[in-house]
Amino acid sequence: MARSNFLFTSESVSEGHPDKVCDRISDAVVDLYLAADPFARVACETLTTTNKIVLAGEVRGPASITKEKVEETARNAVKAIGYEQEGFHWKNADVEVLLHAQSADIAQGVDAAGNKDEGAGDQGIMFGYACTETDVLMPSPIYYAHRILKRMAEDRHSGKRPEFEPDAKSQVTMKYENGKPVGVTSVVVSTQHKANVSQADLRELVRDAVKSVLPNGWFPPEEEFYVNPTGNFVIGGPDGDAGLTGRKIIVDTYGGWAPHGGGAFSGKDPTKVDRSAAYASRYLAKNVVAAGLSERCTIQLSYAIGVSKPLSIYCDLHGTGKVEEDAIEKAVAKCMDLSPRGIREHLQLNRPIYERTAAYGHFGRVPESDGGFSWEKTDLADKLKAEIR
């Protein structure tokens, strides 16, 4: 039996966290290639450390995209985050580009040829989740953890809070009663800051950001509000800790509330089902909930390399469904082509829309006019309802 009264915690990290710097650089490279060729192939991994950026991976795209353009793209991504520190500066960091051609063995399994449809770029399992806890149909703990850091970043970029530096983390513990979120029992925020800021002043600046995003009455007790528990946090970002692409997959998704298949998103073009099928799974789960068919929904898809159709479709409505799970499984298969090509075309993923996804979650975002966050639309809800009837 599912528990109804409990505490649950999720964390987020800011755009300036070392791993998120790498995610952003990798996704900026994906956008660089897709802007030049919507069918380019990209698998770009990034490492950052003190004044050093290394990009490695496999690509297939226009020859006009030179190492110099990739380097410029990496620097611009770091500049946009705001790193102009002695140990990590967008202008002075050494950038090494080690991208090379995609393996022909992999390409032959993915490419469409003759009457053979495009296959998945790899095997794997992908999960999507949605629930009615928030207006964007995301779990509350990760939703508020993201919003705290996003507000702090907005205040830093606008100049309202020049005391903040780019690197930060948050953690929110939510109290549930009868299965519903009713308040926050603790908040942890660790943020890099200017050297001349006292911890007392920093605490009040962070308090303002937290209060601005939590519902009235949800701010935790003072003794459960933690700001930089270890003290000063002046040295941060890649100068303080090395970063790698794909190290924050739980932050990127549901904050631990739902299963994860293990595949990271950033640095991958949409032929990679690690990314595209995870987006499709979220899209399907969100539309099931938006259709009023359930209060909670988990969708799993699985694939084999070189095979176009999913090997399995699984649905769990967590005891909140108005229909049976197998009805959902049959309906989603009829309402959406879940081949890699079908997903890309339905969600229009062959666009340069990925750099913006690299921080504050890939899910629970607002669909944008240029196709960004298309997997957050609820335009399949009516079709699903009609199919089940």
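Glycine is treated like the rest: Cβ placed from N, Cα and C.
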Annotated region 'Flexible loop' segment (source Swiss-Prot; candidates 47-57, 102-112, 322-332): 102-112
Greatest inter-residue Cα distance in Å for the ATP-binding set His17, Asp167, Ala168, Lys169, Asp241, Arg247, Lys248, Ala264, Lys268: 25
Of the binding-site residues listed as Asp19, Glu45, Glu58, Lys272, the one whose CA lies nearest the CA of Asp241 (ATP binding site): Asp19
Per-residue pLDDT averaged over the region 'Flexible loop' (102-112), given as an integer: 59
Site with most surrounding Cβ atoms, counting all protein chains shown within 10 Å, from the binding-site residues His17, Lys248: His17
